[in-house]
Amino acid sequence: MIKDNDNSKVALITGTSSNLGINIAYRLLEQLPSSTNVTLIVTSRTLPKVKEVITNINQYSKTKLNRTGQLEFDYLLVDFTDMVSVLSAYYDLNKKFKKIDYLFVNAAQGVYSGIDWVAATKEICRNPMEGVTNPTYKTQRVGVKSNDNMGLVFQANVFGPYYLIHKIKHLLQKGGRIIWISSLMSNPKYLSFNDLQLLKSPESYEGSKRLVDLMHFGTFKQLQSEYGIEQYLVQPGIFTSFSFFKFLNVFTYYSMLMLFYLARLFGSPSHNISGFIAANAPVTCALGNESQSVKVCSVSNRTGKEYLSYQEVDTTGSADISAYLEKLCHEWDLTLKDQIVNTRQP
């Protein structure tokens with residue numbers, strides 16, 4: 001195990017097997033000083049995915065980077081829609097690590113049921129740029145609950161990761177950085193304060209990302225003042241996502257890709273397409289000196305050259321959201337107080 005010293009860093013990336021997650025790992029290794037000793041904590045719901053992503057990151061480091069520092073891997077088998085699994089992750093981290101330097105909250109679970117192709121055709125023909133930037137034709141199931149009786153998307157993308165942070169603040173204190181991945185689609189219209197767990201929403205994924213925005217603005221100042229933890233909110237733009245491939249065939253996939261490139265060519269800065277470009281804002285916030293009071297966005301120009309932009313966020317209701325999440329944390333602390341679990345069981 002790498003010794004804990006000034007030249008060692010520990011990074012935890014949730015959803016590491018996703019296109020964004022693995023590219024966060026690639027960029028982090030590339031942008032840290034080459035002599036830095038790095039421990040990457042890879043997360044997935046399954047052991048085969050963990051093994052695959054570790055192999056890919058290790059191969060990338062050996063073939064693409066000229067690193068002199070050590071690279072070690074650890075893993076968590078964690079399902080954020082299962083509170084016992086989240087608690088298990090906490091126990092494992094607490095047992096093995098004295099500090100975590102970077103936590104990338106890359107939770108992006110949806111309950112998609114497919115694509116409304118008729119609506120997609122109409123939307124793209126009517127306004128091609130809007131149709132591939134803010135699509136409304138991806139259909140989502142309504143009312144899906146987890147086995148913990150919470151809104152599944154709410155738990156996966158918001159409360160599950162929030163509860164893990166609640167438990168491991170002592171590992172992040174005095175300099176740790178938390179990077180929450182938001183979305184281009186986190187518009188206030190997608191969230192009702194009468195439905196915070198998104199059980200009635202036909203746009204639960206987008207609503208969960210609006211909750212992430214509000215949660216950040218309701219908590220980042222307190223994390224900084226009480227624990228010395230810096231929290232950032234980022235938006236990766238539009239890029240190819242592994243999770244949506246199952247709804248596309250070869251023709252529709254390449255048609256989508258062509259539309260993405262055309263949108264970028266005609267001036268859309270949000271169509272990064274590449275997961276590596278999408279990872280620019282998360283890694284820059286982890287290593288740089290960005291503002292915590294705006295959303296930091298990965299964007300690119302017509303030729304694909306990356307840069308950052310900054311988005312002001314409507315923070316109305318942020319205090320209410322943070323209070324609600326803290327209340328849930330207290331309730332689950334009581335529920336789980338006698339629970340003992342083992343995260344190493346695949």
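Cβ coordinates come from backbone N, Cα and C, glycine included.
For LYS49 (NADP(+) binding site), other Cβ atoms within 10 Å of its Cβ number 17. Positions annotated as NADP(+) binding site by Swiss-Prot: LEU20, THR43, LYS49, TYR205, LYS209, SER241.
Cβ-based neighbour count (10 Å, all protein chains) for SER182 (active site, proton donor) stands at 25. According to DSSP, SER182 (active site, proton donor) sits in a coil region rather than a helix or strand. The active site, proton donor annotation in Swiss-Prot covers SER182 (among others) and rests on similarity to another entry.
Less than 8 angstroms from the CB of TYR205 (NADP(+) binding site) sit ALA108, GLN109, GLY110, VAL111, TYR112, GLN140, VAL153, ASN157, SER183, MET185, each of them six or more residues away in the same chain. Taken from Swiss-Prot, the feature active site, proton donor applies to TYR205 (among others).
If you look up Swiss-Prot, you'll see LYS209 marked as active site, lowers pKa of active site Tyr, on the strength of similarity to another entry. Look at LYS209 (NADP(+) binding site): DSSP puts it in a helix. A 10 Å cutoff on Cβ-Cβ distances gives LYS209 (NADP(+) binding site) a total of 26 other Cβ atoms nearby, all chains included.
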What count of other C-beta atoms do you get within 10 angstroms of the C-beta of LEU20 (NADP(+) binding site), across all chains shown? 25
If you count the C-beta atoms lying within 10 Å of each candidate's C-beta, which of the binding-site residues THR43, SER241 ends up with the smallest number? SER241
Determine, from DSSP, whether THR43 (NADP(+) binding site) sits in helix, strand or coil. strand
Spatial separation of SER182 (active site, proton donor) from LEU20 (NADP(+) binding site) - C-alpha basis, Å: 12
How many Å separate the Cα atoms of SER241 (NADP(+) binding site) and SER182 (active site, proton donor)? 15
